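Per Swiss-Prot, ATP binding site is recorded for GLY115, ASN116, THR117, SER118, CYS119, GLY120, LYS121, THR122, and the stated evidence type is sequence analysis.
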Amino acid sequence: MEEESISGLEVRFYQTQCLSEDNVIKFENNGYPMIDLILFSDAYQIQRNTSIPIETVTLIQRNLQRLFSSVPINGYQHYLDVKEFKTHYSSGIKLLDQLLGGNGFTSGEIYELVGNTSCGKTQISMCCSLNLSQQYNSNIIYIDSSNSFSPPRLIEIFKSNYLIKQRQKQQQKQQQKQHQKQQENNDKIEQDKILKILDRIKVFNCFDSITLLELLSTIDSTLSIISDEIPTFENQFYKGLKMVVIDSIGTLLAPIIGGKQTQGHYTMMMISRLIKYIADTYQIIFLITNNTVGGNSFDNKAALGEAWSMVPNHQLMINHQYNDDENEERSIYIEKSTRLPVSIIFIINLYWLF
């Protein structure tokens, strides 16, 4: 028996929270098994044939159009929009900001940290999340695929990078006795700051690609409501959202791609398109970590293949090696970028002070 050919445009491949299993069955049983049939058919005709509410049909068509449509824009107008709406955010790491053009992260762009296991991708992600929360009072969504997010480690980085500097300034201005009297009050202030920083970072545990797709869809739908100026109490967090961290994309997508897993490849493409759409439409920074695989020349390269390599605007490679039995040296450089020079290397220390 010949294997049935798959085009990747079957409705079932694009099942989401809106396009539920029940709706998929109704589409398939009433002559709409393919995406193009849904997009090019009249919404009221679909409603009559499938008995799906017209509001749901319209919403499904709109979401599918976001994935498959390409609207041309004027180049000069695009330049003006970019110049007006782009915002820069420091990563909290001075040399990393210099590596990224001198201004740190740029809103609406996708950054990918690539490296072997235990090379420091999660540490940099937490450090950048910490700085955006502490310096800009921004909200961050941290999507964790391996329970790597560690609040105690975040507090340790906070104390090392910020509180030590503040105490040094206080010691220069105050006498030792006055500093000892105020130590208890300072500890309380420090604890309040840490709690506020942690409160602005929302962590989601995610262990498969479908959950990731649903999370991104929720972010998109919530931000679209806010952009229409209809905020609710639950959406206040998203109003101040500036960064989404995905740690790690390789863990989520690697099991579903490769070989004859056609559906997995299209799921990856759906996720990549949604990430690009959210980043560009709502000017959200995406910081994504990825694993490495062996290249042809015994050099490591980013996992997930060439199709995924076109997703990030900037790809940063992290290397680490042992100089002797005790010392481990890590370095980071830009492997690929749409606008930044590559191959500039600098060293990382224990507390990510470059």
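Cβ atoms here come from the backbone N, Cα and C positions, even for glycine.
Features per Swiss-Prot, on structure.
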residue : record           : Cβ neighbours (10 Å)
GLY115  : ATP binding site : 23
ASN116  : ATP binding site : 14
THR117  : ATP binding site : 8
SER118  : ATP binding site : 10
CYS119  : ATP binding site : 24
GLY120  : ATP binding site : 19
LYS121  : ATP binding site : 26
THR122  : ATP binding site : 21
Ask   = Other than GLY115, ASN116, THR117, SER118, CYS119, GLY120, LYS121, THR122, which residues of the chain come within 8 Å of the ATP site, judged by Cβ distance to the Cβ centroid of those residues?
value = THR289, ILE318, HIS320
Ask   = Can you check what DSSP calls SER118 (ATP binding site), collapsed to helix, strand or coil?
value = coil
